[in-house]
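Structure in structure tokens, see below.
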Amino acid sequence: MAKCVMVLYPDPVDGYPPQYARDGIQVIHSYPGGSTVPTPSQIDFTPGDLLGCVSGALGLRKFFEDAGHELVVTSDKDGPDSEFERELPDADIVISQPFWPAYLTAERIAKAPNLKLALTAGIGSDHVDLDVAKERGITVAEVTYSNSISVAEHAVMQILALVRNFVPSHRWATDGGWNIADCAQRAYDLEGMDVGVIAAGRIGRAVLRRLAPFDVNLHYTDSRRLPPEVEAELNVTFHPDVQSLVQAVDVVSVHSPLYADTRAMFDEKLLASMRRGSYIVNTARAEETVPEAIAAALRSGRLAGYAGDVWFPQPPPADHPWRTMPNNAMTPHVSGTTLSAQARYAAGTREILECWFAGKAIRPEYLIVDAGQLAGTGALSYQK
Ligand code: NAD
């Protein structure tokens, strides 16, 4: 019998289950490039259900309880008195989503001598201290590709929201007023702009593909250059580093994983080198920026807009500078947790758990750390 602590975001303020807006979700059979969607032996939820909150329990309550395992589900995750820290000392497995991360710091891992599996229901396992996981022989896995397209759609939406000045214009519509000039004075077309992505992995490539029909000039940088035929197909210009990319674009969308190489990448110096009036959309990780430098660049006009859905910490305090900085179109961390995405990452989480309990190999694309080293996707993502 194993003990699993699952840290999920709180239920909707109006209670659970919600009134769903639609009767179901679309069925996705495969991911771009031919990767297959999750293949658990079965699922105990209806695709389209809200699974990522405490009552949803990722649709896994029956799975754990039928097998006689102990499952604790909580949203209380921060501070030494949190339920998460109280349950950690005898936990074998911790599951959380990046939207409401159970930060597994070195100190917390030291308090969890039984911990063997840290599972991310979603993508991005930087909330786990990966070096300590390596030392301790903890397997870290995530559901690669489960929400990549969800995030790419959000990034494209936020690029358009910023460039077209959507949020202030929407506010005029809902507040009962009607000042066209006020809406138009910061609104531009995206067509013809230089648009770049930092990292052309699964999400970054999907963003490039989605932006191509807007007749923009596409750019990218990545520590691994794309094959020439893909560059030609996307008509995208490669830059050897972030510095040269940001100087060549009007809009930059960030899709690099968070690790030593990308931490605090958007600092005052890099921001100062960008074209005046640039836009940044960051759906990767907030710690890839210096938050105060972003707010200052918006105030000075170096940046015309900043959007994204990632913050640090999560949830951010009420006085986080990004809540009130000018010309932002931020959302909470939601891009990868659409109901469509939840069905996929809940199924993928179950697939990983089925393999784990059966002693079968977890798909390499789901592995971040295994057997004391970066493995699978982790080996490609979290090092140059
Ligand atoms: P991926 O593994 O498919 O791609 C990562 C890419 O980054 C690879 O091409 C790699 O070569 C490149 N890279 C690594 N280090 C780099 C560096 N220093 N400079 C430039 N490129 C570098 O990952 P993905 O699925 O596209 O996800 C990317 C990131 O997006 C994740 O690590 C995660 O942090 C974030 N994410 C956010 C959400 C959300 O809800 N906002 C959801 C999923 C993923």
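Our numbering is plain: 1 for the first residue shown, then up by one each step along the chain.
For all residues, glycine too, the Cβ spot is worked out from N, Cα and C.
So TrEMBL lists the following for this protein:
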type	residues	note
BINDING	Ile123, Asn147	substrate binding site
BINDING	Ser148, 202-203, Asp222, 257-261, Thr283, Asp309, 333-336, Ser381	NAD(+) binding site
DOMAIN	62-361	domain 'D-isomer specific 2-hydroxyacid dehydrogenase catalytic'
DOMAIN	156-335	domain 'D-isomer specific 2-hydroxyacid dehydrogenase NAD-binding'
SITE	Arg285	site 'Important for catalytic activity'
SITE	His333	site 'Important for catalytic activity'
Rank the binding-site residues Asn147, Ser148 by the number of other Cβ atoms within 10 Å of each Cβ, and give the residue at the low end.
Ser148
Pop the Cα-Cα gap between Asn147 (substrate binding site) and Ile203 (NAD(+) binding site) into the table, whole Å please.
9
Within 10 Å of the Cβ of Pro257 (NAD(+) binding site), how many other Cβ atoms can you find? Include all protein chains, please.
22
Can you tell me which of the recorded positions Ile123, Arg285, His333 is spatially closest to Ser148 (NAD(+) binding site)? Compare CA atoms only.
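For Ser148 (NAD(+) binding site), the spatially nearest of the recorded positions is Ile123.
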Could you give the mean pLDDT over the domain 'D-isomer specific 2-hydroxyacid dehydrogenase NAD-binding' (156-335), rounded to a whole number?
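Across the residues of the domain 'D-isomer specific 2-hydroxyacid dehydrogenase NAD-binding' (156-335) the model's pLDDT averages 98 on the 0 to 100 scale.
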Here are some binding-site residues: Asp261, Asp309. Which one has the most Cβ atoms within 10 Å of its Cβ?
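Of Asp261, Asp309, the one with the most crowded Cβ is Asp309.
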Among the recorded positions Tyr259, Asp261, Arg285, His333, Val334, report those whose Cα falls within 10 Å of that of Ile123 (substrate binding site); none is a fine answer.
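Within 10 Å Cα-Cα: none.
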Within 10 Å of each Cβ, count the other Cβ atoms and name the one among the binding-site residues Ile123, Val334 with the highest count.
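Comparing the binding-site residues Ile123, Val334, the most crowded Cβ belongs to Ile123.
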Ten-angstrom check, please: count other Cβ atoms within 10 Å of the Cβ of Arg285 (site 'Important for catalytic activity'), all chains counted.
23
